[in-house]
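*Asks:* What TrEMBL shows for this protein is this:
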type   : residues : note
REPEAT : 53-87    : repeat 'PPR'
REPEAT : 123-153  : repeat 'PPR'
REPEAT : 154-188  : repeat 'PPR'
REPEAT : 255-285  : repeat 'PPR'
REPEAT : 286-320  : repeat 'PPR'
REPEAT : 387-421  : repeat 'PPR'
Amino acid sequence: MQQLKQIQTQVFRIGLHQNPDTLNKLMVFCTDPKNGNFLQYSERIFNYIENPSLFIYNVMIKAFVKGGSFGRAIGFFHQLRVHGFWPDNFTYPFVFKAVGCLRDVYVGEKVHAFVLKSGVEFDCYVCNSIMDMYGELGYVENARKLFDEMPERDLVSWNVLISGSVKCARFEDAVSVFRRMQQEESVKPDEATIVSTLSACTATKDSELGREIHRYVVNEIGFTPTISNALLDMYSKCGYLSVARQIFDTMPAKNVISWTSMVSGYVNCGKLDEARDFFERSPVRDIVLWTAMINGYVQFNRVDEAVALFREMQIRGIKPDMFSVVALLTGCAQVGALEQGKWIHGYIDENRIPFDAIVGTALIDMYSKCGCIDKSIEIFHRLKEKDTAVWTSIICGLAMNGQSSKALTLFSEMKQAGFKPDDITFIGVLSACNHGGLVEEGRRYFDSMRKMYRIEPKLEHYGCLIDILGRAGLLDEAEEIIEKIPKESNEILGPVYGALLSACRIYGNVVIGERVATRLAEMDYSGSSLHTLMANIYASADRWDDVTKVKGKMKAIGVKKAPGCSSIEVDGHVHEFLVGDASHRKMKEVHAMLDGITKPLSGLEDTEMEADNKVAGIS
């Protein structure tokens, strides 16, 4: 900086401080990050320039975008237009980059209009930057339309459209563009094309195209670390672990992404021990790898091991992020581990992990599933920024805990606040109607899904509505609704019929119950609970011969009633018990404790004491 100021002093002394060539060189030097952090200084110089050129404006805009000051870049763009300049093909790419990072659709469309007026709309470099901006903003249709109108396209154009489709989760579209690109003779896929398309293959589980790309890599462009990792991720997530392992073993250099892909692949296949082996062997572990292993344990209800790994992560000095704590909270919610959930909540507060909508949703879900709905409400009101997931979580939590009126009140508040409910929100709303016996409201909310929100009801929604009608004794109406459900596989439709069959048991309606049982038999559905329900319906009607027939049929086709399961949390550890399973290591102590509780309650203890006294008297 000292040398720069000395040179600038000489520039002023000999009268070159307004010379265009001198100013251009000076501004280029000051805005180049390789020369140091002179951006603020360059802005001060700019303010003293009497007639800044378009070149200098472009240099400043580029510098602000590179430095992450996207708002300042947009400000300079407006300023150059006020000074009468027309932006050129060097101006727009960085402006569109700034707009994409700011996620401001309105400004993006305005700048796009300036492009059309300035006559550079067919410049390939500019068009690519516009497409990239629309991809960042989630408007991939706009990018596709612009792409189709381009008179000339280069490789970057194809790559931008494919990556934009992937960013917007339009994976089928990304594959379609790649197929279209293959038909063009003028361009051939490069590393960027391969990596983006493999991401689409991974999301759609299109292993066939993935293998085709793999062959192209072998025959045409060869392997790079990035391509190898993309192939590894695709094969592992599509379930081809043996192929993924071959690629992994042949990679000359493996980074943490390679190890994470293998761990995630084994986790997705339920092979947690193999995943843990890869995890332990990884020479470098970042937060993503730790979270992948923790997620694996949570996914398969091994919450104690997830928490132990979380604590090991802290000991190793790896700072957890919101994704790792959200994974743990999800596990605690699944098994009802309240104490562990509270400990994680305390950890979030102590370590100042950002308390955003994602963390808030996980906490609300955990507390509500553990029965602490008041704590869920407290967290909900504490959240400054709420999204649809937060509202949905508290509505479902209230419904689950039997607070129907509060759930429906919050649903109204959600709509008033401008949030659009999704299909999961309506599961909570219909569950609230179910628990509250609100038949008319349930019908109305169910109908509003299609009419007001264009949400096609899923089987879960039909199941809730049938349960609402069934509990109210409206069995005929429930049966009519089932007939209107789009026919799916038997495994999915079975539980819906089960909801009606359960209502038939409550009201002793043998006629409808038999009709449902006949349909289930035609579907060849063999769920144990449905056969048990039918047996109970016959028993309530004193038709014991039919009860015997149902049980005989269950035995003949090999259907067994699933054992009951309960779990309890003690000192931060979750213990699970199955009916008839005596394998728990402290089962003797459990039985001794149960005997100690039940004997005084049943009077057996007094009887035994009296007997002991009589024996003592005789002796």
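Just so it is clear, glycine is given a Cβ too, placed from its N, Cα and C backbone atoms.
Nobody curates TrEMBL annotations by hand; they come from automatic prediction.
Each of the listed features needs to be described in terms of its position in the shown structure.
*Replies:* For the repeat 'PPR' (53-87), the mean pLDDT of the prediction comes to 92.
With helix defined as DSSP H, G or I and strand as E or B, the repeat 'PPR' (123-153) counts 24 helix, 0 strand, 7 coil.
Packing against the repeat 'PPR' (154-188) from elsewhere in the chain are residues 124, 127-128, 131-132, 134-136, 138, 140, 143-144, 147, 196-197, 199-201, 203-204, 206, 209, 220: each is 6 or more residues past its ends and has a CB under 8 Å from a CB in it.
Packing against the repeat 'PPR' (255-285) from elsewhere in the chain are residues 225, 228-229, 232-233, 235-237, 239, 241, 244-245, 248, 292-293, 295-297, 299-300, 302, 316, 318: each is 6 or more residues past its ends and has a CB under 8 Å from a CB in it.
Beyond the ends of the repeat 'PPR' (286-320), by six or more residues, the same chain brings 256, 259-260, 263-264, 266-267, 270, 272, 275-276, 279, 327-328, 330-332, 334-335, 337, 340, 347, 351, 353, 572-574 to within a C-beta distance below 8 angstroms of the stretch.
Under 8 Å from some Cβ of the repeat 'PPR' (387-421) lie the Cβ atoms of residues 357-358, 360-361, 364-365, 367-369, 371, 373, 376-377, 380, 427-429, 431-436, 438, 441, 453, 455, all in the same chain and six or more residues away from its ends.
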*Asks:* Going by DSSP, how much of the repeat 'PPR' (286-320) is helix, how much is strand and how much is coil, in residues?
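*Replies:* Result for the repeat 'PPR' (286-320), in helix, strand, coil order: 26 helix, 0 strand, 9 coil.
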*Asks:* Hey, which bits of the same chain come close to the repeat 'PPR' (53-87), Cβ under 8 Å, at least six residues off its ends?
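*Replies:* Non-local partners: 20, 23-24, 27-28, 31, 33, 39, 42-43, 46, 94-95, 97-99, 101-102, 107, 111, 114, 118.
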*Asks:* Just give the helix, strand and coil counts over the repeat 'PPR' (53-87), going by DSSP.
*Replies:* 26 helix, 0 strand, 9 coil
*Asks:* Of the residues in the repeat 'PPR' (154-188), how many are helix, strand and coil by DSSP?
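*Replies:* The composition, in the requested order, is 26 helix, 0 strand, 9 coil.
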*Asks:* Tally the residues of the repeat 'PPR' (387-421) by DSSP class, grouping H, G and I as helix, E and B as strand, and everything else as coil.
*Replies:* 26 helix, 0 strand, 9 coil
